[in-house]
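Below you'll find the structure, written out as structure tokens, and then a few comments.
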Ligand code: UDX
């Protein structure tokens, strides 16, 4: 089998390397020559645990190659995956499909024989149909079957998610496309991974529905956390008590500062827009988007209140900037709202993140960056934990207490034990727990 992956971004790289690991010949193509050059030299442009090793081993075995030449990459391919970006379109919240359509057209032009053109990028329902129209218009004489195969990769555990998925979703219109995709995922049959074979429209919608549902779930527990604080209850136990009901499930019930990342904010917005346009408004998703946005700003208010109503002139240490641990991704991270609001309120910020990625370009210039967690905490009046990297859990509260000048700790991820923190003398607050 030979596969072409169009786009060496997060999804394309992880999926390409994992297919190669399955024994498939994979060529990853990207227009960014510098990125391709770096990948050929074994340098991975993103931080994802295990990806460097997977790329190096499969590249050394000759199963994984990188190029800027799309026509060459498409030659002889059984399947071509589109894994290009679908950012939020400026102005209306829709997914911008420019890259998807351009890539589909180029693939069609380059196709020499039958192939399956698979959309892996997250695209609104109906995109597959539009891709099909492009392909028919450009190359009516070549047999190109269009398919949808959405990914459910979480940053930080993307390789495990690809290799041991809960399910594989395949949207097709032909037996041939189904056969090719099933063959590609054959190694997963050994671990009895369910395959949901369905229409292209349904596959496209499954992806959005799954992400939106998870975003709703997180927002629900965040609102319960607020209620717990008012009522004197503990959100951790509420989540556990709810989650043990098999119909609800325990995952994605961790209260926090609001969801961020490359998927949930963008996908909820795109789904809400599509639903509005098709006349079936997803009001629960619309409310989730608004509640999550508001929550990030409320987190800054919470810190200001914990500091006695003003942070003017105070030094605040920040632990964690990325939208979640084990990634260097800053997209839609809560820190991007919390920190500017604290700076605007007069705080001096000293931040630390183990993988700060593009944080410096995205945060106010006034932010100082420390080389370690304790370096950030040194002499600080208050500490705010925004992202739950494991290394923060390992810091002994006594040591933290000796390092900081002040006593205020706002733990926005419920990493520390409230009793232990208070015993140490901290004025400790967390989310949904007293
Ligand atoms: C998500 C989906 O999980 C994945 O299936 C999809 O393909 C892409 O989007 P990702 O964005 O990498 O993956 O991270 P995820 O672990 O889902 O977390 C998303 C956000 O929700 C993070 O900001 C995280 O901190 C937050 N979150 C998650 C919570 O606040 N509480 C939870 O219980 C779970």
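Placement of Cβ uses the backbone N, Cα and C atoms for every residue, glycine included.
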NAD(+) site partner of 30, 35, 86, 122, 155, 266 (as recorded in TrEMBL), chosen from 302, 331, 348, 350: 331
Further substrate ligand in TrEMBL, beside 152, 153, 154, 155, 207, 252, 253, 254, 255, 256, 260, within candidate set 2, 324, 399: 324
30, 35, 122, 253, 255, 331 filtered to the binding-site residues whose C-alpha is within 10 Å of residue 263 (active site, nucleophile): 122, 331
Intrachain C-beta neighbours of residue 255 (substrate binding site), sequence separation six or more, cut-off 8 angstroms: 221, 222, 224, 225, 235, 236, 239, 414, 431, 432
Number of other Cβ atoms within 10 Å of the Cβ of residue 266 (NAD(+) binding site) across all protein chains: 21
Summary of DSSP states over the domain 'UDP-glucose/GDP-mannose dehydrogenase C-terminal' (317-418), given as helix, strand and coil counts: 31 helix, 18 strand, 53 coil
Spatially closest candidate among 152, 154, 207, 253, 260, the listed binding-site residues, to residue 331 (NAD(+) binding site) (Cα to Cα): 260
Binding-site residues: 35, 154, 207, 331 - member with fewest neighbouring CB atoms within 10 Å: 154
Close-lying binding-site residues around ligand 1 among 30, 122, 207, 255, 266, where CB distance stays under 6 Å: none
